[in-house]
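Written below as structure tokens is the structure these notes are about.
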């Protein structure tokens, strides 16, 4: 009855304790310092939306700034082995912007300017990819993105500030974590996701002509990818073997081996598809490797030369002479976004600041200026001016107080009147852009910004491409993983149809709150997009027949059968579109949460 009390177990203090980690907060930089590498991607205030992937054809060795969120692999997987790629994925770095270079990236071997757009012609010899950064999480904006990584819901819900913060309103620091662009250290080639044994036969887009109308993909060491006659690259998608027997098709694609360059070695890579397809008729013959050197070692464009070229398309002067009170509201895939006040009128504007020395592909900065300047439309964000301030490109544009559509799709539920209103505005902008040969390549909710009265505007033109009669298709891997079209992932030549697929994914986003496969790592999601049937709505029972029919016209695997923007503007579903004011209640609902 009066038994002894059990003796309380005493736990000693830790022995041999060492203080190895000291974390602090830099008030000037407004960021944590000394964080363990594993924590950096969890606690940074920067956005966690997927960023867009950028074609890895000219990734060079870099020294990134603060880790961001675009995923790049350190090397391409050999023989398309899924195991190798997934092992490599464990060691990828994660950056949330276009890698924020401390040095300028390699210049394009041959560049052209058409309708104000500058695009890389061919990939220069590559340097070793960046090895810095933390382990890649399955995230990917966007970039991306942007890239990139993933927005899988781990820990507190953090949806990354979209690389598309653009001129939108301030984004919360804490948002659902979106996988990461599309986008942003060597981009993994999503095609190498599968074992190199098969590519499902009968896929309509797989019969696409393999003309090399964009710069050819190259291996991590600057070596041309081995191509199957009608299929993707060996490091891309599922070439059955990597033996020398597959080399001739490689040369047919415009990436000849050293011995078969011949007199056309110096021609631009935008030769018409007919020439590229006719190449196999010439049997491969051994030859001296000498003629290859000019293509492998193009003359580098210095930072000063690039800056001088950019100076030709921007406005003279310094915006700080008439702008005050710069306040950072977000971080995008290529730089930061601030709001500023016009001294004379007190009007708020958005200013996107992009450091020339911290870009993965500098030439894409021309898109930021040229597209918004030359293709003005009521559903495209209006650009006021652009300037070179030191080594930064500043783009001054309208400030959209409503923020990004991402906030609405994440935290509210849209009805079909509101979904149709967004689709109508986006399609009106795309119809104009596509008619001019401009492909956006990063359509998603992060790229859609809203005015205070509910008007919808398309933004983020930094990853655009131009097609024309001379260059009818593109082949760069650019976009945000979950929104990418199957043919783009498969590295097949593509055109404006990829924007239509991405819009279809965005419709699913507006209905379900997230894109398909969003709980999967980006590489796995890209494999599923490439190999599976078109994704379906989770809440299919909530969709009307007209919405289902509209979605069926967007998400068609065969790009030739996919509807165009002009055709979709006549679809019955868009007759449901409400006025811009119908979007306002959603913005209010989001603000009151």
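Any Cβ shown, glycine's included, is placed from N, Cα and C.
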(request) Could you let me know which of 99, 181, 243 shows up in Swiss-Prot as phosphoserine? (result) 181
(message) For the candidates 15, 74, 93, 476, I need the one that Swiss-Prot annotates as phosphoserine.
(response) 476
(request) Mind checking which residues of the chain, 6+ beyond the ends of the domain 'CRIB' (11-24), have their Cβ under 8 Å from one of its Cβ atoms? (result) 32-36
(message) Limited to the domain 'Protein kinase' (323-574), I'd like the whole-number average of pLDDT.
(response) 93
(message) Rank the binding-site residues 329, 337 by how many other Cβ atoms lie within 10 Å of each Cβ and give me the one with the fewest.
(response) 329
(message) What does the DSSP secondary structure composition of the domain 'CRIB' (11-24) look like, as residue counts for helix, strand and coil?
(response) 0 helix, 1 strand, 13 coil
(request) Could you check the recorded positions 331, 442 and say which one's CB has the fewest neighbouring CB atoms inside 10 Å? (result) 331
(request) Would you count the other CB atoms within 10 A of the CB of residue 476 (phosphoserine), including those on all shown protein chains? (result) 23
